[in-house]
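Copied from TrEMBL, the annotated features are:
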type	residues	note
DOMAIN	634-698	domain 'CBS'
DOMAIN	732-789	domain 'CBS'
TRANSMEM	104-126	transmembrane segment
TRANSMEM	189-211	transmembrane segment
TRANSMEM	231-251	transmembrane segment
TRANSMEM	263-279	transmembrane segment
TRANSMEM	291-315	transmembrane segment
TRANSMEM	364-390	transmembrane segment
TRANSMEM	402-421	transmembrane segment
TRANSMEM	475-495	transmembrane segment
TRANSMEM	502-521	transmembrane segment
TRANSMEM	549-574	transmembrane segment
Amino acid sequence: MSVIYMRNSANGNQHRGFSMSSDDDMIDITTTGTVTERSIHYDDPGTSHFAADGDEIPGIGQYEDFHTIDWQRDIARDRMRHRYIVKRRQNSLFDLVKGAHDAWSGWVCVLLVGLTTGVVAGVIDIGASWMSDLKYGICPSRFWFNREQCCWSSNETTSFETGNCSDWLTWSEVLGQSRTGAGAYIISYLMYIAWALLFASLAASLVRMFAPYACGSGIPEIKTILSGFIIRGYLGKWTLIIKSVGIMLSVSAGLSLGKEGPMVHIACCIGNILSYLFPKYGRNEAKKREILSAAAAAGVSVAFGAPIGGVLFSLEEVSYYFPLKTLWRSFFCALVAAFVLHSINPFGNEHSVLFFVEYNNPWIFFELVPFVGLGIIGGVIAAIFIRANLYWCKYRKTSKLGQYPVTEVLIVTAVTAVLAYPNPYTRMSTSELIYLLFRKCGVTNTDDLCDYNRNFTDVKSAVDLASAGPKVYRAMWLLVLALIFKLLATVFTFGIKVPCGLFIPSLCLGAIVGRIVGIGMEQLAFNYPHIWVFSGECSTMKDCITPGLYAMVGAAAVLGGVTRMTVSLVVVMFELTGGVRYIVPLMAAAMASKWVGDALGSHGVYDAHINLNGYPFLDSKEEFAHTSLAADVMQPKRNETLSVLTQDSMTVEDVETLMKETEHNGFPVVVSRESQYLVGFVLRRDLNLALAQARRAVEGLRPSSLVLFTSNSPQQPPQPGTPAPLLLKNILDMAPITITDQTPMETVVDMFRKLGLRQTLVTHNGRLLGVITKKDVLRYVKQLDNEDPNSVLFN
């Protein structure tokens, strides 16, 4: 007897053994990626050949770029691998250690992801703060200090808000002019524009030359990748480096964007790179997505200093497959990342949050009315922004503008800088503006927003209600102009070819609206303290209305309307500010904003950009309400020919011809063309690799060699001189997901969403009728929604 077979030793080293069999003359190409009972071939009684664990043919089980993964197959592969390791733990101490390493490798991986993400976030925060202040001046004695650190070093902390400490020099002073005056203003204006253009051009050039995937927010693509889509290079090392440097540059350029969304992308890049240190995750796309979900949580954790909100964001917004163990690991990863960031302390305070609020006043029950009103306003602003931004992005894709990405970045930057500088609220960084709007007016606040007619003789006493001075009304008008400018600037900025996030601009828009409404409510309570609404809390002229709280609620409303987050948004907001007492107002505004946003537009900004780019994403939150059957969607349609492989009657030449004439990603295997009874399913990539390996390894392989997807010998014994058959049973999926032609499409869509299917086979009485792929489902849904079905671009 003899069998030509290929095997892989348990330690992963490839060995090829060939022997010819006189009784069944078969060429057996073993290509399983895991150890299964089917990997054992019994040729004679008492004789066995083992195909041990590993990929005998490199690439088997992997996926092409822009293809969808098979969740069920990958999870089954991991379970088989795990059973194999557990079974061998009793054999030796080495196998016991190997099993323990496999058990804790997930925790070690997320620990490394958390540590690395925290360090990278600290570097980005410090670098962005320093470069942002370069637009205004420099600290000559310690040039690596930003303006805040420079003023702290001179012990002139009271002068920080105006930047008038002696150690910090504006560019007009560096060039020999005075700090104030028309000449100083012009020099500062020109230097502001010059630095902005320099930073923006560097960011756009780096993205274009080294990592085109580093542009944008990254969250739409992360959602698509976590749903099982492959985008090679999107989470690679070059994307990580360029995105990290580019986000510092684009934020420093003063563009209307934030670094929080890109931090999720950066954290997922770190998770993807580190997962390759652990083959359990690096070689299994479904398992890798568990690490990426934890990394997304760490990204939000370090972006806002909100670890719990990060876990909930990953669960609610970006993750597709989120088992309980992923929840624990995400929590641990976010905790480690937040701890590392707290140790670095890039914000220079003990809170490690962006916008810590120092007030804790109770809110009046009646204030729920303006809070809900802010939610409605936030939903309207968000709907306007999403529609305008989508319109502009579609125009960019279909016009010549898309061919000049660097030029567009420079134009947007120049217009932004020229219009932003005259208004002090748009000149400062967006994070500083949000913090200013969230803050409560006190003794040390010198901004126009705090120009109240108050008597601060006793600093420790409660702040009295007071009438607003003229500077307050001037500041409100400037804030209205800032709101219009920020809204328009964000519409044109989100989507340009630099790293750009949307969290901070959305928070800023809402905070401006909220502060204006809050000042209005405050003056209403001052002028009419005895009406029934204010009669209890405000009749004593105590500080019963907090405008900063309204800014916080407004910020949550707009961000909720833009992203359609609810639970995670509220948690992020109270972690972001430390205002745990204001959960109910935040919940009311977030819910109202989501309802209004859903009424005015069906998608949040991330889902809208997923649809715009044609990514194959099936949203698990949407319901399929159409009454149709699987037979209406399957390919090919009735009375059309289905491309199939037969289990024992096709030659190598027939298989190669079929692959040349079709572009399908896989082929059903049937008993025969006459019966069409289903045997299994084989992927095109696996079939290509197996044939290529057979050509290299097997001398007797000819175009006329039979290809067998069964372990049984052909019914007719081979004639003398005929080539030996090629056995490819081990690349055959013998348990593909199947449905009948009468299965409701609602059930089919649920199967694709919840099982993560790549395709399903349609049968009738056991006979194969057709195939439904994820792309077919997406096209059918778009067709029913009166959208262009050809906008689904990828497989």
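Placed from the backbone N, Cα and C atoms, the Cβ positions cover glycine too.
Automatic, uncurated: that is what TrEMBL annotation is.
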Pairs 6 or more apart in sequence, C-beta under 8 angstroms, 3 or more of them: is that satisfied by the transmembrane segment (104-126) and the transmembrane segment (549-574)? no
For the transmembrane segment (291-315) and the transmembrane segment (549-574), does the number of C-beta pairs under 8 Å, pairs 6 or more apart in sequence, reach 3 or more? yes
Please give the sequence-distant neighbours of the transmembrane segment (231-251): residues at least 6 beyond its ends with Cβ less than 8 Å from one of its Cβ atoms. 65-66, 120, 123-124, 127-128, 131-132, 199-200, 202-203, 206-207, 210-211, 213-215, 218, 221, 224-225, 257-259, 262-263, 265-266, 268-273, 292, 429, 498-501
If you count every Cβ pair below 8 Å, which range out of 189-211, 263-279, 502-521 shares the most with the transmembrane segment (402-421)? 189-211
Suppose you look only at the domain 'CBS' (634-698); what would the mean pLDDT be? 86
Compare 263-279, 364-390, 502-521, 549-574 by their Cβ pairs under 8 Å to the transmembrane segment (475-495) and return the stretch that comes out on top. 502-521
Residue numbers, six or more beyond the limits of the transmembrane segment (263-279), whose CB comes under 8 Å of its CB atoms: 105-106, 108-109, 112-113, 116-117, 120-121, 124, 217-219, 221-222, 225, 235-237, 239-240, 243-244, 247, 288, 291-292, 294-296, 298-300, 302-303, 318, 337, 499, 501
When DSSP states are grouped into helix, strand and coil, how many residues of the domain 'CBS' (634-698) land in each? 24 helix, 17 strand, 24 coil
